[in-house]
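Colleague: First, the structure itself, so that you have it in front of you.
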Amino acid sequence: MNIETLFPLDPNVKVRTRFAPSPTGYLHVGGARTALYSWLYAKHFNGEFVLRIEDTDLERSTPEATAAILEGMEWLNLTWEHGPYFQTKRFDRYNQVIDQMIEQGLAYRCYCSKDRLEQLRNEQEASKEKPRYDRHCLNHQDRSINEPHVVRFKNPQQGSVVFDDAVRGRIEISNSELDDLIIRRTDGSPTYNFCVVVDDWDMGITHVVRGEDHINNTPRQINILKALGAPIPTYAHVSMINGDDGQKLSKRHGAVSVMQYRDDGYLPEALINYLVRLGWGHGDQEIFSREEMIELFDLHSVSRSASAFNTEKLQWLNQHYMRTLPAEYVAKYLEWHMHDQAIDIANGPTLTELIPVLSERAKTLKELATASRYFYQEFDAYDEKAVAKTFKLEAEQPLTMLWEKLTALVDWNVENIHQAMNATATELGIGMGKVGMPFRLAVTGSAQSPSMDITAKLVGRERTLARLQKAIKFIQAQS
């Protein structure tokens, strides 16, 4: 049977993988990990990565879900050489192959009614038999093709299907366990299992990486590929991702959508690094650059066991990348969160100045944006607990002296601000904390912030001096 290639199949490309999500919802972390493993394996061998949208479920597939999947892939920077291809645009191709299979005796029309099939199932279950089609229509082909019917694949009845799964090892399924699969529905639409086979064939897919929930589909698909005379890809079925309670990961464990992690303030590098380690590793190494992942990744090293999603580990990785990636790069992602929280970044320090200062304390970009508010806009009130502890009458004198020294500064820089704080403490004969704590509360409104010399530098001269005066008046009014 002729191959209809969608693109020139370069004979020099030894590995071509694919990611084939169904657009019935967002791109979840399980799908993202599958995409990542497929992408890494292709890149490891200088191969090609194909993106395919399996949208044959017309009732549940939506353009919004497709857009969300593409957005998630682009955010993760999982680029593809070919695609995205849509199965709904290839129905003519699938039906062409099905018609050829009927002509060659590889498939047949089935006219059995739902009532007959239900009766057959009931009889088989009553006899403790595995429910399966009895091939009633295989030799009854005198019906009109205009009558309602489905098309079934004529599955081999003898022998077994054996394949070497790259993750799970050798798997063998007896053909007696397999049914004559419906490959075209009554309405003329091809079924999922058949579309996948033709797509993998036409697209020259050499390795299929997917979730373990597809294992039962594999022997059926292999038999169809064999019947078509098509090459059999290497299959790799990865285990599920569970929550930290051992149950299948779901919304109750927190975010499961890739874009929700973006909205929650995670960098794509952190999520990619975390996902690659959910089932694969290289010794005790935890931090992997993308280049290292490509160099080291191997499907045969992927664990067969389910992985547990640990948000704390992801946060640790995210904080690492917030601190170590170039501030200019992190700023591109932080800007979205600043805008989302209605913080005008034109009214304060540059994000590249801010990131090194706040990334030590924040676990996510969302937290960092929230913590940065006092750098860009005025706050309405002081932290009440900090006021009771810090804004006592004795704080007025150090704040007043500090204000005087800061006002006299010619150059507003970290070193000069620090010297002004030191001089205030020395001249008043008090500890640095008696200066720093009320200074912090006055300028930030809270009891926690980075070092006050750096904080005041970034807050700016005018804003810092005005807040000091406001705090002095507040203390005077309290006493």
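Including glycine, each Cβ sits where the backbone N, Cα and C put it.
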Colleague: Check each of the ranges 113-117, 173-177, 248-252, 448-452 against Swiss-Prot and return the one annotated as motif ''KMSKS' region'.
Modeller: 248-252
Colleague: If I go by Swiss-Prot, the feature motif ''HIGH' region' sits on one of 21-31, 87-97, 120-130, 208-218. Which?
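Modeller: Going through 21-31, 87-97, 120-130, 208-218 one by one, Swiss-Prot flags 21-31 as motif ''HIGH' region'.
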Colleague: Under the DSSP assignment, what numbers of helix, strand and coil residues are found in the motif ''HIGH' region' (21-31)?
Modeller: 3 helix, 1 strand, 7 coil
Colleague: Compute the average pLDDT of the predicted model within the motif ''HIGH' region' (21-31).
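Modeller: Result for the motif ''HIGH' region' (21-31): average pLDDT 93.
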